[in-house]
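Data first, discussion second: the structure below is written as structure tokens.
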Amino acid sequence: MTEFLKEKTVFQRLPENVIPVHYEIMLEPNLEDFNFAGETNITIKVVESTSKIILNSLDLLIDEAKLEVEDGRVLIGNTTMYNESETAAIVFDTLIPKGNSILRLKFTGTLNSRLNGFYRAKYTIEGEVRHAACTQFEPTGARRCFPCWDEPNFKATFQFVLVVPKDKVALNNMPEVSSIEHPTNSSLRVVKFDTTPMMSTYITAVYVGEADFIESKTNSGVVVRVFTPKGEAETGRFSLDLAVKTLEFFDDYFKVPYPLPKADMIAISEYYGGAMENWGLVTFRETALLVDPVKTSVARKKRVASTVMHELAHMWFGNLVTMEWWTDLWLKEGFATFCSYLSGDKLLPSYEFINSMFSDCYGSAFHLDCLRSSHPIEVPVSSPNEIDEIFDEISYSKGSVLINMIHNFIGDEFFRNGMNMYLRKFAYKNSKTEDLWEALGEASSLPVKSVMSTWTRQMGFPLISVSIKQVGGVQKLEFSQERFIADGSKDENGLRWMVPITAVSEKSQTVPFATFLLDRSSEDIIIDSKVAEGWIKVNYGQLGFYRVKYSEELLKRLVPPLKSMTLPPLDRLGIVTDVDALVQAGKSSTVDLLELFWAYQSEDSYVVWSSICSGLSRLQNICEIMGYKKPMDSYTRKLLQKVLSMLGWNAVEGEKVTTGSFRARILLHAGLAGDKSVLEESRRRFKRHLDCVELIPADLRAAIYCIVMAFGDKETFETLKKLFNEESSSEERQRIGSAFGQARDESILHEVLEFSESEHVRKQESVLLLGAVASSQLGQQLAWNYYKEKHEDLVRKFPGAWHIGNVIQSFTSSFASEERAKEVEEFFSKHPAGVEMTVKQCVESIRLNAGWLTRDGESLKKYLDKYAE
Ligand SMILES: [Zn+2]
């Protein structure tokens, strides 16, 4: 027995000698005592005769284990739990014969408050605290609810039975088939659900609680419902309408129908992630599903839309076809993310989804993947913490970017055909990355697998250097590639990619004069003398996942078309974000970037400004550390002047849907940089809002709350806190909570940290408050000290690696000194948080900031001196 324990402390996949075929699961949650009783009858197929069955189980007490063998015998099992490996071994004193048997288990568990497994979610109705019972399983939480083969490749069918209080709503992946009064307790009812198709454990789900709903149907008859808090059914309308359209869109796009009879979506009061794609019962945090006609901003509505579309894309990618193991997590996450932009572009064109893919996905992927501590998209993982840690920007953002790149490389028609082949071939089964490449390759007759393997099997991405030269009588454009590493160092492994290169020129602005695959370290192409004279823009439309470094001459030529906005918005964005990245890597100077920003003064595209604002925030962080915040603020105010007066304060009739978000972003930056008129107007509007004279439009609320708090005092904080406490809308609470972090007074920030532990704060809001405090240098120091003090509590509070990883990242990654890097490194080597990869990434980021400061600090000061007032 001891030997067995030792061997299992290293995480291993479950043995495949016994395979689950069908589960009958009965759960009876007790919403007062916060525990549950359960029974499961699992039809298993014994492939190799054995006397021991190993399956996953965690935090459950298995009281009884029996096995009904095909010949009618009933064997009694002896159960041992292994917490370390999250398994249970059921041992029988005789060999179980090959073939089908039924494993009958009785168990009990706690309805925990960790928002993972089978948990209780707190909510309030008229001041009364109540609880719902719900589930969050991905990736390894199902084993906390019922003993099971909790790995994605063990697909089986499931039938759930819930025993619930009569007046509660009971939901599962499948529709209800019967509901009868409990035979011995008339206050309970027994609800039986239909059997699911073949599926993985991590997408099963149940919900027991109170809810209202609204309902609709797709053109193929699938029932779609949105469940909301009591009395708020209409806040589900936007998501309901969109869900119907989205399911119809994907039905048509992939030519594979949505396989279940219903699609439910439900908002849960306490919820750590954004949403979870349980098949037929998608769960969301309230802010990711509900839209209030007055309180919801366009930016939030867009997030709701993209979350709904992302989760519904999973009904095909992830649920119907599932990755064989978490190594290929990116397959479903990258795809669902890509699909949300694809469908968003078609279903909500005014929201400009495709444009935001570049600031959202490309931006985040570049940001993480330039680190030495990044990881390849296909990554070996074994422990639950390791699995948790790869739910990151590499799997989601880089995944979606690569799909976008290949979509463009092979074209939409071949892409659709390939996807259809892939979905049909692997429906109700599992697949690996290369299965997808094979399908797309077969559909397009292009070398998809060899191109894409260079992107998924190695980490990082290339920097393409471009220069122009005259050789003899001909003009040549020289392209070379090397791995782009954030600190500017050379890659000792000489990694190379198959890079789809495209380039347009002043003479041919919309049709690329060059399109080729760069697979060597460098390549020259001969160009027309007319092309050679004007500007040249590489990576047309920014579809390729690579950075471009232009020679000085070529970069200079790009300034006029930037100023005149002759280049399309995404290309204008590409130029500035590439230079920004080169600055951070020490391959270009910060002063050059600040100079380049002036070319964008009259820029009218939100997506471009959104990237510039992110760049400005990073610079502001660096300047704050140097004690040069004021001159940097003054530079920022001047830079934003034109766009600020272009956008004004008020919506103009007929303006784009996204203009409100654009306006809010610019006002926020200008306001935080101390623009007096913005500050005054923010205060005036805030007062009128408080006095109920004129409510602030939803789009502007976050910006105004932040600005008044940044320049406010204790009284401002108390006012905001009162608003927070009295508010029931999660979205509004989130906005106010984020604004708390803008306080520049240490005692207020301390209070926010304390407040994050208050019972008035929902679990997910406490993560938000902690992150908000860490948004300034002052706050970050306080937050880090707080973290060191509370390390153990926090690790316990946030289950799994994902949340604690996020907290650690927001608390440390903006520091900028070697001392801090060492401190963080040493702290976590003494007090591990189970997120080694994240800690490495944070430490690397701190060192990058430190390097940047040392390299460019002096010249930056000198440049900013002219803005000092
Ligand atoms: Zn997802």
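One is the number of the first residue shown, and numbering goes on along the chain from there.
For all residues, glycine too, the Cβ spot is worked out from N, Cα and C.
Per TrEMBL, the features are as follows:
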DOMAIN    20-203  domain 'Aminopeptidase N-like N-terminal'
DOMAIN    238-455  domain 'Peptidase M1 membrane alanine aminopeptidase'
BINDING   H310, H314, E333  Zn(2+) binding site
ACT_SITE  E311  active site, proton acceptor
SITE      Y396  site 'Transition state stabilizer'
DOMAIN    535-847  domain 'ERAP1-like C-terminal'
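Here the CA atom of E333 (Zn(2+) binding site) lies 5 Å from the CA atom of Y396 (site 'Transition state stabilizer'). Taking the binding-site residues H310, H314 in turn and counting surrounding C-beta atoms within 10 angstroms, the largest count is reached at H310. Just so you know, the Cβ of E311 (active site, proton acceptor) picks up 27 other Cβ atoms within 10 Å once every protein chain is counted. Here the CA atom of E333 (Zn(2+) binding site) lies 10 Å from the CA atom of the residue listed as 'active site, proton acceptor'. For E333 (Zn(2+) binding site), the same-chain residues lying six or more positions away in sequence with a CB closer than 8 A to its CB are G318, F391, S395, Y396, G399, S400.
Report note: the Zn(2+) site is defined by H310, H314, E333, and the residues of the same chain whose CB lies within 8 Å of the CB centroid of those residues, excluding them, are E277, E311, A313, F317, G318, K332, F335, A336, T337, C339, S340, Y396. On the 0 to 100 pLDDT scale, the domain 'ERAP1-like C-terminal' (535-847) averages 94 in the predicted structure.
For Y396 (site 'Transition state stabilizer'), the number of other Cβ atoms no farther than 10 Å from its own Cβ, over all displayed protein chains, is 23.
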